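Trainee: Not my notes, these are from Swiss-Prot:
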- Asp111: active site, proton acceptor (ACT_SITE)
- Asp6, Val7, Arg8, Asn9, Thr10, His11, Thr12, Val13, Ser134: ATP binding site (BINDING)
- Gly109, Ala110, Asp111, Arg112, Thr186: substrate binding site (BINDING)
- Asp131: K(+) binding site (BINDING)
Amino acid sequence: MLLAIDVRNTHTVVGLISGSGDHAKVEQHWRIRTEPEVTADELALTIDGLIGDDAERLTGAAGLSTVPSVLHEVRVMLDQYWPSVPHVLIEPGVRTGIPLLVDNPKEVGADRIVNCLAAYHKFGTASIVVDFGSSICVDVVSAKGEFLGGAIAPGVQVSSDAAAERSAALRRVELTRPRSVVGKNTVECMQAGAVFGFAGLVDGLVSRVRDDVDGFGGGDVNVVATGHGAPLVLADLRTVEHYDRHLTLDGLRLVFERNRDSQRGKLKQAR
């Protein structure tokens with residue numbers, strides 16, 4: 001059983017994956033709040049409480065974090081609480097198998113890398129990955145499996161909250177799909193702007209990639225959405241063909257397997 005840990009700016013997803021290769025399956029997953037000041041001990045208590053008896057069945061662990069301080073605590077946690085479980089954390093120097101054709105590869109978020117790796121492995125074609133998190137990342141992977149770059153926009157919830165915070169006449173609203181693009185009250189107006197506005201933003205970015213990037217204008221390009229915020233706008237997206245809620249967890253598994261296999265089945269054990 002592989003323990004997969006996906007730490008983002010606001011929330012963390014913990015998953016348990018059974019099997020490997022084409023037989024891999026996400027058996028369970030949980031979403032918890034990310035605390036930037038969390039300690040390794042606190043992480044261990046939380047994760048051990050979630051996975052229960054499966055802690056004794058772990059054969060590996062893979063993790064990423066967009067919060068550097070938490071990545072350090074994840075490493076310490078694995079070293080101290082699961083010292084016999086081989087692990088890999090996505091950071092510079094780790095073999096991911098996806099070339100980063102950008103100005104500064106060290107700037108590329110680990111989440112973006114594993115998403116594109118998983119999409120290329122899933123489809124085997126040029127792909128566009130749209131990850132709906134605290135930011136919306138539209139990332140591009142070539143037909144050769146190369147990360148070409150992408151675009152980053154503020155996330156739906158972040159933008160809606162910022163509008164409410166900076167305007168005396170607006171308030172924070174629950175983000176659900178409104179009955180019409182033409183809102184009849186302030187809440188519906190904000191919901192319409194968030195849902196339909198960001199659907200248009202994503203469709204616009206995907207269409208521009210198709211128009212402007214060589215090799216992306218044909219029908220052999222797959223567009224996949226992932227992330228906790230994706231279901232909010234999926235029905236209104238005209239350019240996205242696929243949705244994979246576990247794309248990032250699958251990418252973590254692929255990186256773990258690549259590093260395990262490259263070392264004849266043995267990753268460096270936790271210290």
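For all residues, glycine too, the Cβ spot is worked out from N, Cα and C.
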Trainee: List nothing but the largest Cα to Cα distance in Å, as a whole number, among the residues Asp6, Val7, Arg8, Asn9, Thr10, His11, Thr12, Val13, Ser134 that the record says bind ATP.
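Mentor: Site span for ATP, by Cα atoms: 14 Å.
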Trainee: Taking the Cβ of Arg112 (substrate binding site) as the reference point, list residues of the same chain whose Cβ is under 8 angstroms away and which are at least six residues distant in sequence.
Mentor: Val129, Asp131, Cys137, Asp139, Phe147, Gly150
Trainee: In the same chain, which residues outside the set Asp6, Val7, Arg8, Asn9, Thr10, His11, Thr12, Val13, Ser134 have their CB within 8 A of the centroid of the CB atoms that define the ATP site?
Mentor: Thr34, Thr66, Gly133
Trainee: Measuring CB to CB from Ser134 (ATP binding site), give everything in the same chain under 8 Å that is also at least six residues away in sequence.
Mentor: Arg8, Asn9, Thr10, Gly155, Gln157, Val158
Trainee: Looking at the binding-site residues Thr10, Thr12, Thr186, which sits with the largest number of other Cβ atoms within 10 Å of its Cβ?
Mentor: Thr12
Trainee: Compare the C-alpha of Asp111 (active site, proton acceptor) with the C-alpha of each of the binding-site residues Asp6, Thr12, Thr186, and give the closest one.
Mentor: Asp6
